[in-house]
Amino acid sequence: DFTFGFTDDPFDKPPCRGCSSYLTEPYVKCAECGPPPFLLCLQCFTRGFEYKKHQSDHTYEIMTSDFPVLDPNWTAQEEMALLEAVMDCGFGNWQDVANQMCTKSKEECEKHYMKHFINNPLFASTLLNLKQVEEAQHNETAIPFHPADDPPRPTFDSLLSRDMAGYMPARADFEFDNYAEWDLRDIDFVEDDSDILHALKIAVVDIYHSRLKERQRRKKIIRDHGLINLRKFQILERRYPKEVQDLYETMRRFARILGPVEHDKFIESHALEFELRREIKRLQEYRAAGITNFCSARTYDHLKKTRDEERLKRTMLSEVLQYIQDSSACQQWLSRQADMPKPPSLSAFPFLVSAGRRSAPPLNLTGLPGTEKLNEKEKELCQMVRLVPGAYLEYKAALVNECNKQGGLRLAQARALIKIDVNKTRKIYDFLIREGYITKA
């Protein structure tokens, strides 16, 4: 009977029960004695060694790894040696792996490892099944909670650093209540202290101890809820519909009481309730319209969308006709349309441009410092926004620098960095994104 043996290192093998020497393959294992296994080298086996209950006529197994497993040209012993060599030398250092194995070349080691351990469909399907089982377990519970093992490292005094309560990754600490120890620096307990003074010093120490406990409690809340990695936490919030996001914001103050997993289960249950209510409302709408199957429901949804678009066009045209003679009302209408996700193009209503207040003329850049550093599109932007080139270059550098630090930039962050008119900030932000200088977060 041939079975899988030990590694090639002699110190990884048990000693022979007869001569106590380290076993080398092949060796013999008694099939009737044990556990622990009763192992003998070939020399002791040929002598008929007997010990306590072990007799020389017992059945036995020959232990060896000199047989193929994955490839006819590779023995099990060589497979184990390859895995140990890759573990010792590192993946990709095939020359060192071949030198350690001594029996295979560099090309043979690389080809065999990539074929049978990396690109093997059997292993891939096994890993896929394990992943699916793990996902199935998580689907039955709330959002899987993972503390931030590798927190971000924002630059000191950046916007992200301030949002994270001044988290310092190198020290795994925060910058709140850093002066709690100052109350103790001058306290010294001496024998001449009066009872009142001694009690006062003890009270100061108790206060310091309570501040330490509060500091530790806050750190634990931030770490347990994954707030160190603020970006991932915000992405998690945006998964929910708007109504559930409002609930998330309202119930956030109670998260420290419930704990991370219980809080996520609470929010998930409300998100599920919201989805069920919305689905019930949609089915009730179908029932009221006399629809009894989903095929008709799809047709109904398509027609409803078309009707809503036509109704929006008619409403927009009626507003244009109503406000065309009133310049102030026209300006209000334009402002309201600018806040919509897809504002209508003014080219469709050229008469609106003349009906409103006359806009300021483009800025003349002749002779202004920094104009020579701008390309044609940037010059056109500065003229239309009426922004001097020096200020534009300063704002551009600040936004690009912050975008590189954060890996992306939102409009709210841009407005926090540039303290000018919000409409000008939006135009600069949209221009830099359109030209590829920055990217959206």
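For all residues, glycine too, the Cβ spot is worked out from N, Cα and C.
For reference, TrEMBL has these:
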type	residues	note
DOMAIN	11-68	domain 'ZZ-type'
DOMAIN	69-121	domain 'SANT'
DOMAIN	73-117	domain 'Myb-like'
DOMAIN	354-441	domain 'SWIRM'
Taking DSSP states H, G and I as helix and E and B as strand, how many residues of the domain 'SWIRM' (354-441) are helix, strand and coil? 53 helix, 2 strand, 33 coil
Helix, strand and coil counts within the domain 'SANT' (69-121) (DSSP): 36 helix, 1 strand, 16 coil
Could you tell me the mean pLDDT over the domain 'SWIRM' (354-441), as a whole number? 82
Residue counts for the domain 'ZZ-type' (11-68) under DSSP, helix then strand then coil, are 7 helix, 15 strand, 36 coil
